C-alpha cells in the first residue's frame, strides 16, 4: 500500500503538472551547475559561513555529547577535558561546491566540502596541538508545491554526508600529548556532524534563499525599449537534470507604466536547446521578440527632397517614370519629394534559424515641394534579413538589405501602370532612406543585465526554429573557495 509520503509526492507532481499545463512560458532562463555553484558560493561568503565554522563550540559539544552518547559523569571524558584549556577552529575553508542530479527526479544534490584546522591548548605542552578536520555538508534543492503559495525552489535535508568526516593530527608531539589528542579527536567524531547541522545548515539554507530571491529579482529587471519597457515574471520553476529552469511570462509596458500587452502564453512550446556545459541560457519566444522590435520601430513618416539627398536615385526615378509617362517625368523638378510612411508595426519571423522583419510601406512621389497631390501612391510589402549580434551585454538587431516583395498601385494621377516597372528604383530608395533610419534606432541595443549579474562580460546570440537564445560569450571564471 502506498504510504503518505508517496501520496504527498504524487500530489506535488500533479500540482506542478497542472500549473505547467495552464501557463505556457514565453521565455525560459536555464541555469547550469556552474552558475548555481558560483551564486551559492557568493551567498555563503555574504552570510559569513566561514566565520560560523570558526565559532563552532567544539568544547561545549564534546561535553554535551561525548563518544557513545554517554553523559559526562566523571568518566574518561572529564579526565580528557580537564587537561584542555581551550579548543577552537583556527582556520576554516569551504571548498569548491558540487551540484549534481539527485536520485529522485526533479531534485538537485548540493555537496559543500568543509576544510578546517582546529587546535587546543593544554598545560602538558607549550605549543598549540593542531589537527585537520574535513567533512562534507549535503543538501537537496527541490520544488515546494505546498498549497500555501506558488511553487518555489527550496533547500532542505541539510546534514553532513555519511562517512565524510576525517580528523587527523597535524604534528606529532610527546606520547602523552598524542594520546590526549587522539581522545579529543574521538570525542569530536559524534559531535562535529551535529554542530554542522545545527550551526552551519541554517546558514546554507539562508544562503540558498538569498540566491533564489536574487535570481527572481534579476529576471524582473525592466528592459528598456525606446519609450516602452519589457518585464519578465516567474510563472514556475523546474529542475531538469543538473539545471534549474525558470519559466517566465512577460509583459510590455508604456512610458506611464501601463501594461499594453501580456505574454503569459506562448502560441507553441518553446524549443529548448541543450546547455552542453554552457553556464546559462535565456530562451525568448518569437512573440516577445516581435513585440520588442515593434516597440522600437514604431510607425513613422519621412519626407525627403530626393534631388538634394539622393541625386542619382532622383535621376533614375525620373527615367523610370518617363517609361510610364513622359509628361509626368517632365514635371519632376529639383524639389521633388518622396514620402515614405511605415504602416502599423513590423512583423518579426523566425524560420529555420533565420530571422526576417516584414513591414508595410506606403510611398508617394510629389513632383515638387509645392505640389499638394502625389503623382502616384504605392503600397509595398517589404522584408529585410534580421541579424542579431551582441556588444558586451547589449543585444543589437541589424536589418540587412531590403526587398520589395510585392508592390501595389494604390492611387495614380498619371494613369494606371504596372508598378513592378519601378521595383528596382523604389527598392533602392527605401534601402537608402528607411533602412539607415531604422538601424539607427536599433543600434543602441537592448541591455541584458543578467549577463553581468551572472558573472560574464559578454553574451552571444543564436536562433532556434521559434526563439532567440542568449548564452555567455566569455570564458567561465569560477570564484575562489570560501575561506578565512
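Keep in mind that glycine also has a Cβ here, set from the backbone N, Cα and C atoms.
Taken from Swiss-Prot as is:
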| type | residues | note |
| --- | --- | --- |
| DISULFID | 158-201 | disulfide bond |
| CARBOHYD | 48 | N-linked glycosylation site |
| CARBOHYD | 264 | N-linked glycosylation site |
| CARBOHYD | 401 | N-linked glycosylation site |
| SIGNAL | 1-21 | signal peptide |
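Among the glycosylation sites 48, 264, 401, not one has its Cα within 10 Å of the Cα of residue 158 (disulfide bond).
The glycosylation sites shown are 48, 264, 401; of these, the one with its CA atom nearest the CA of residue 201 (disulfide bond) is 48.
Distance between Cα atoms for residue 48 (N-linked glycosylation site) and residue 264 (N-linked glycosylation site): 39 Å, as a whole number. Secondary structure at residue 401 (N-linked glycosylation site), as computed by DSSP, is strand. The Cβ of residue 401 (N-linked glycosylation site) lies under 8 Å from the Cβ of 384, 385, 431, 435, each of which sits 6+ residues away along the same chain. Counting Cβ atoms from all protein chains shown, residue 201 (disulfide bond) has 21 others lying within 10 Å of its own Cβ. Here the Cβ of residue 264 (N-linked glycosylation site) has 15 other Cβ atoms within 10 Å, regardless of which shown protein chain they belong to. Within 10 Å of the C-beta of residue 48 (N-linked glycosylation site) there are 14 other C-beta atoms, taking all protein chains into account.
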